[in-house]
Amino acid sequence: MRLLKRSPNGDLELISFHDDNPPPYAILSHTWTDGEEVTYNELVSGTGKVKTGYAKIRFCVDTAAQDGLQYSWVDTCCINKSTVEELQVAINSMFRWYQGASKCYVYLSDVLAPEIETNPPYQPFYTEVINVQAFRITWVKAFRRSRWFTRGWTLQELLAPASVEFFSKEGNRLGSRILLEQDIHEVTQIPVEALRGQSLSEFSVEERMNWAANRTTTLKEDKVYCLLGIFSIFLPLIYGEGEAYASLRLREEIQKRQEARGTESLQDLTVSSPLPFPKNESFVGREDQLQSLEHFLLPNTHRRMTLYGLGGCGKSALALEFAYRALARHAGLLVFWVPAISQESFELAYREIGIHLHVPGITDNNADIKGLVKKALSSDSLGQWLMVVDNADDPGVLMGRTIGDPELARLLDYLPYSSRGKILFTTRSRKAAKDLTPSKVLELNNMGKAEARQLLARRISKKKLLNNEESVVKLLELLAYLPLAIIQAAAFINSNNTLVSEYIILFRNTATEAELFRKQFEDPSRYREMESTIAKTWHISFDEIRRQDPLAGEYLSFLACIDPINIPLSLLPPTGSPLQRMKAIGTLKGYAFIIERPQGLQELDSDELFDMHQLVHIASEWWLKGHDELTAWMAKAAARLEELIPYGGYERKEVWTRYLSHALHVAGLDSILDETVKASLLDRVGRCQSSLGQYSAAETTYRQALLLKEKNLGEDDIQTLLSMNEVGLALSDQGKYEEAELMNRQTLARFEKVLGAEHLDTLT
């Protein structure tokens, strides 16, 4: 097949690829205008730019680029129709080409949508309707009457692609096939199930024939030929034979296939893939990882791979996108989704697979469901299949002995093995990833800036809320380019009609951070029993860590109370044996909760340093709050810091300097730590800052301690007087002699009042 690509000078060029392994591409669906479409020869020679059809080609290419796709396919110019042989191959391959597209853009030249705002203001295809769904009344009638729904070839273009998006004449996005499915169903009478991707073979021959009954084509034979892909039939094209003979040949071929196939054996069953979630129409990016997964799927041998990454980075979303693309590109492929959240969820998924495959005995009382499904999938006669084992975070679920099993087999032992099957695991645990597939682990990091920008733009329903690019960039930085965080923020912005710049202000208010991220939103690609909140996503891992490795759980609780950046290993509580401590750190690194900072050669003998993901840190704090443990752990963190931070001096300065930011973090948390403890900790930090020559910082720290002591101990307490003295010294060290003299005289007067004129401290 040939694909369009924009060259560096802005022109379009055609590049040929093998049908079996093309790069990701977008595809255009449209209705033709006689004499105005750009042909293959005209595109190659560059003579077609004056035609109105050229603007549609640019629209497809440019929209694809916005979606991160380099290649596009347009039927008018990617097929050399002057060659009969090529036309034959193209028409028989058309359904498969639409099936394999990452995106299908339906351009409706007879549907006008209101241009409420343009951003950026280019014509004709770069204008963007602000919340176009809010103005449905202005275009929905034209949409339902569109000529596109009456043409024969557009039937397969509606049903074949995994993702279909509709655009108005101005190039404004009206919605996806899923969003507009009710309108499409009422216009076409095609069942909603078919629009949602259910296997077309599950609908009767007559039902599928009726879908095209009222459609028209320019050539009468095409009214039959446009159904070839709908029935997975390949026929030679004989223009001139007429519709009746073409229809007869099609029905004869369908009957031959049915008779040859039979309906009794497993390998002949056509089964809709039991994927638990609809295709995510807002999915963007991750093309490199999708390519890696596609290569994993290709060899005709049994293979297993694990997707590993931080909770919320998009592992399940990527696996789901891959599953839908695999279904579109590989005819006859079966895809199964098995959540490994618990033994019960695993067994329920296996039962559903058995029912879909009509496995004999699967519904019998006391049936060995896991054994029957394993046997069926291990049979090489079944056909190509892909199994996604999602959320394999708890090693005890897959690798522990199953409850009630007489032979105490593991669930892992019930995973099928076939040369025609592949298994893809997703997990938050690096250890689980290495245990499941030691040599095949694909690590998923946070999104790149461009991908994150695309995701946010897709999720924001009113584009005017993306009020300026600087705010968007800042928000994505704050959210650490984490997909689930971006989705959560977008949901809040949409629900509250909040500008991105306003949301940033809310996010920076630590008092509202938890409230913002606890807001639930409907996300059909998360399990219902797993709340769709960022806190819940990570709390699953927290609970698992505490159960698997109690010391790692203690470290995690401790880390929630200190600064998440530059965490020295020596700061952690010295509990457990050296081996246990090493194992606990390994657990936290394995769950990607902490990342070890690289050290230079001169630092190899110094303390190990770690960073903690900012949003993981916030979620950790919520977890402690939710379990009424935050105050206790804050006290432990403060006690540990007081133990390690001296009252200034120079001994081991390079060690305790790294503790100071953590002490300031603990002391800066409002309404959690006892204020006298905060003041005591600030005293130590101030002394150390003075020893380091950081006199201005020391003044600020001493003043904070003084305010806390005056409030909690009173103005005449000896500890309050000592803090006044430290403020005076810090002022003097900065050369602020007049302020220092004033503070020192006030301090002296207080000492005389409290201790007397002859007291040693007063004389000092």
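Even glycines carry a Cβ here, placed using N, Cα and C.
Here the domain 'Heterokaryon incompatibility' (25-157) has, by DSSP, the following mix of helix, strand and coil residues: 61 helix, 14 strand, 58 coil. Annotated domain 'Heterokaryon incompatibility' per TrEMBL: 25-157, in sequence order.
In the predicted model, residues of the domain 'NB-ARC' (287-464) average a pLDDT of 82. Among the features that TrEMBL reports, domain 'NB-ARC' is placed at 287-464.
According to TrEMBL, the repeat 'TPR' annotation covers 679-712.
Residues of the repeat 'TPR' (679-712) grouped by DSSP class, helix first, strand second and coil last, total 31 helix, 0 strand, 3 coil. For the repeat 'TPR' (679-712), the list of distant contacts is 638, 641-642, 645-650, 653, 656-657, 660, 663-664, 666-667, 719-720, 723-724, 726-727, 729-731, 733-734: same-chain residues at least six beyond its ends, Cβ to Cβ under 8 Å.
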